[in-house]
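So that you can see what the record holds, here are the features copied from TrEMBL:
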| type | residues | note |
| --- | --- | --- |
| DOMAIN | 119-402 | domain 'NADH:quinone oxidoreductase/Mrp antiporter transmembrane' |
| TRANSMEM | 21-49 | transmembrane segment |
| TRANSMEM | 69-91 | transmembrane segment |
| TRANSMEM | 98-116 | transmembrane segment |
| TRANSMEM | 153-176 | transmembrane segment |
| TRANSMEM | 196-217 | transmembrane segment |
| TRANSMEM | 229-246 | transmembrane segment |
| TRANSMEM | 258-277 | transmembrane segment |
| TRANSMEM | 316-336 | transmembrane segment |
| TRANSMEM | 416-442 | transmembrane segment |
| TRANSMEM | 463-484 | transmembrane segment |
| TRANSMEM | 514-533 | transmembrane segment |
| TRANSMEM | 638-656 | transmembrane segment |
Amino acid sequence: MTATSTIAAMATPKALPRNDFGPAVGGILTSGMGIVGVWLGLLGMFGSVRAVDIDWLLPLSGVRIELDPLGGFFMALTGAVAVPVGCYAIGYARREQLSRATVAVLPMFVATMALVPAAGSVTTFLLAWELMAITSLMLVLSDDTRPQVRAAGLSYAVMTQLGFAAILVGLMVLSAAGASDRLADLKGVSGGVRTAVFVLTFVGFGSKAGLVPLHAWLPRAHPEAPSPVSALMSAAMVNLGIYGIVRFDLQLLGPGPRWWGLALMAVGAVSALYGVLQASVATDIKRLLAYSTTENMGLVTLALGAAELFVDTGAYGPAMIATAAAVVHLMAHAAFKSLGFLSAGSVLVATGVRDLDLLGGLARRMPATTVFFGLAALGACGLPLGAGFVGEWLLVQSLIHAAPGHDPTVALTTPLAVGVVALATGLSVAAMVKAFGIGFFARPRSSQAAGAGEAPASMRAGMATAAGACLILAVAPGLVAPIVQRIVASLPFAHGGFTDFGTVVRLPGMPGSIAPGVIAAGVLATALVASALGRLRFRRRPAPAVLPLWACGADDLTERMQYTATSFAEPLQRVFGEVLRPDTDIEVTQTAESRFMADRITYRTAITDAVEQRLYTPIAEAVAAAAGLMRRAHTGSVHLYLAYGALGVLVVLVAAK
C-alpha cells in the first residue's frame with residue numbers, strides 16, 4: 001500500500017497542465033480537502049460516533065474509520081489550516097516557487113493527516129501515520145537539487161522513522177495486551193505494560209511534535225521546505241504528535257502514576273524554554289518560526305502534564321482548566337503559526353532571502369504582508385490582543401489555583417511551571433519583536449529587500465483567512481467555547497463542565513476572569529482618541545522644517561548603521577551563552593607595512609543547535625564509522641557472501657535450540 005501510494009504520487013504530476021491551471025487545481029484540491037476535513041471533524045465532535053469498516057482494503061485487519069470528539073477536533077484543526085494554505089499555494093506556485101510534483105502531493109498530504117485522527121484501529125493508524133510521513137518527506141524534498149534540502153530531508157526521514165519505530169512497538173504491545181486491534185477495546189490495560197506503552201509512544205509522538213531532545217529535524221526541515229508545506233507541517237502535522245499523546249497516553253491508558261505527569265511537564269518545560277531561546281537568537285525567519293513551534297508544543301505538553309499531575313492529587317478543577325488551556329493553545333498555534341509561515345513565504349517570494357540581517361523596509365513595500373506577520377507575531381508572543389494569550393492565561397491560572405495542600409510535589413512544581421511560562425513569554429516577545437521590527441521596518445539592508453513588492457491576491461487571501469482566525473481567537477474566544485467544552489468532556493480529566501467560557505472567560509468555581517473583547521475594545525478606543533488628539537494638536541502647530549537627519553558625524557545614514565537581527569539578539573546570546581554555545585571566530589589580517597597594523601578584522605559567529613551537536617552528531621559519527629568497518633565486508637566475493645549466510649543460519653539454529 002505504501003509503495004503503491006508513493007508511485008501514484010510520483011506519477012500524478014504528469015497529469016497536471018503546465019499553465020496556470022495546474023496550480024489552481026492543486027490549490028483548490030488542497031482547500032477542498034481542508035473543507036471536507038472541517039466538516040467531518042465537526043460531525044465527529046457534535047454528532048454521534050460514526051464508524052466505517054472497509055475489510056477488503058487491507059488483508060487480515062481491514063481499515064476502520066471512526067470519528068469521535070477527540071479525533072474530530074484534530075481533523076477539523078488540520079482542515080482549517082489546509083483551507084488558507086490551499087488558497088495561498090495558487091499564487092505561490094504561479095511565482096514558480098512550487099513544482100508540479102509539490103502541487104500534486106499537497107492535497108494528498110492533507111488527506112493523510114486527516115486520516116490519522118480518524119483511524120479506529122491500530123493497523124489503520126499505523127498505515128495513516130506512515131503515509132503522512134512519506135508524503136511530507138516528498139514535500140520537504142521538493143527542491144532536491146540543493147544540498148541543504150537533501151540534508152534536511154535525510155534528517156527528517158531518520159527522525160520520523162525512528163519515531164515511527166517507537167510508536168510501532170508501543171502500539172503492538174498495547175494491542176497484544178488488549179487482545180484487540182480496535183482502539184476502543186484497548187482501554188483498561190494494567191500492569192507494567194502501561195508504563196512500557198507510555199514511554200514508547202511518548203518518545204515516538206514527542207518526536208513528531210518537535211519536543212526536545214527529539215526536535216532536531218524541525219529547524220532543519222521547515223526552513224528548506226516550501227512555505228505552504230512549512231505552514232502545514234508546523235501548524236497541522238506537529239499537532240498530530242500531541243494527538244497521539246492525548247489519545248494513547250492519556251485517554252486509552254487513563255490516568256497513570258504521578259511520574260507520568262511530571263515527565264510530561266519536564267519535557268514540556270525544557271522544550272518551551274529551549275525552543276524560544278533558539279528562536280530569540282535565530283536570524284533565519286523560517287528557522288525562528290520552527291523553533292517557536294517547539295516552544296508552543298512544549299507549552300501544550302506542559303499543560304497536559306499539569307492536568308495529569310492534578311488528577312493524581314485530586315485537583316480536578318485545575319486539571320480541567322489545564323486541559324482547556326492545551327486545547328485553546330493548539331487552536332491558537334495553528335492559526336498564528338500558519339499565518340507566520342505564509343507571511344514569511346511572501347517575503348521569500350518577494351526578496352529571495354530568509355536572513356533577517358538582509359531584510360528591512362518591507363512595511364512600505366509589502367504593507368499587507370507586514371500587517372499579517374504582525375498579527376502572527378502578536379499571537380506568538382502570548383500577550384493580550386494576541387491569539388495565544390487566552391491559552392497561556394488559562395495555563396497560568398490552572399497552575400496558580402492548584403492548591404498544594406500537604407503535597408510537596410505540587411508545591412514545588414507549580415511555581416516552577418509558572419516561572420517557565422513567564423520566561424518563555426518574555427523570550428518569545430524578544431524573538432518576535434526582532435523578527436517583526438528588524439525584518440519589516442527601518443531601511444532595506446539589501447538590494448533584494450529594496451526591490452520587494454506585495455504578494456499577489458491569492459496569497460493575500462490565504463493570509464487574510466488565517467489572520468481572521470487569529471483575530472477570532474484573540475478577541476472573541478467564546479466562539480470556540482463549544483469545541484473546548486466538548487473536548488474537555490471527552491477526556492478522563494473531566495469532572496463537571498467547563499461552562500463559563502464566553503465573552504468573559506471565567507474559571508469554573510474559582511476566582512479569576514478575563515474579557516479579551518473588552519480589552520480589545522478599550523485598546524482600540526484609546527488608540528482612536530489618542531490619534532484624534534494628535535491630529536488636532538498637529539494642525540495647530542506651524543509647518544515643520546525638513547532637515548537631514550544627524551548621522552553622528554558621518555556624511556549620511558546608511559543601512560549598515562542600523563540594528564540587525566544578530567546585534568539585537570547579542571545580549572541574549574551573552575546571557576545564555578552556556579546553553580547556546582555559539583561558535584565565534586575572529587580573523588585579523590595585517591597590513592603589508594607592519595604586522596602590528598590591522599588591515600581587516602573579520603568577526604564570525606554562528607549558533608548551532610547544542611542538542612544536535614552534543615547528542616546526534618556523535619551518534620551519526622559513530623554510525624558512519626561502523627558503516628565504514630562494515631564496508632570492508634563488501635568484497636564482491638559470492639563465496640564469502642554464502643559463508644556469511646551459512647554462519648547466520650548456524651547462529652539462528654543455535655539460538656533456537
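Placed from the backbone N, Cα and C atoms, the Cβ positions cover glycine too.
What TrEMBL says about a protein is an automatic prediction, not a curated fact.
Contact between the transmembrane segment (316-336) and the transmembrane segment (98-116) is absent: fewer than three CB pairs lie under 8 Å, with pairs separated by 6 or more positions in sequence. Counting same-chain residues at least six beyond the ends of the transmembrane segment (69-91), those with a Cβ under 8 angstroms from any Cβ of the stretch are 23-24, 26-46, 98, 103, 106-107, 110, 113-114, 116-119, 228, 231-232, 235-236, 239-240, 243, 246-247, 251, 327, 330-331, 334, 338-339, 342, 345, 455-459, 461-463, 465-466, 469, 483, 486-487, 489-491. Within the chain carrying the transmembrane segment (98-116), a Cβ under 8 angstroms from the stretch's Cβ atoms is held by residues 5, 9-10, 12-13, 15-16, 18, 22-23, 25-27, 29-30, 32-34, 36-37, 40, 65, 74-75, 78-79, 82, 85-86, 89, 92, 124-125, 128-129, 131-132, 135-136, 138-139, 142-143, 226, 228-229, 232, 236-237, 240, 243, all 6 or more beyond its ends. When each of the listed stretches 21-49, 463-484, 638-656 is scored by C-beta pairs under 8 angstroms to the transmembrane segment (514-533), 463-484 comes out highest.
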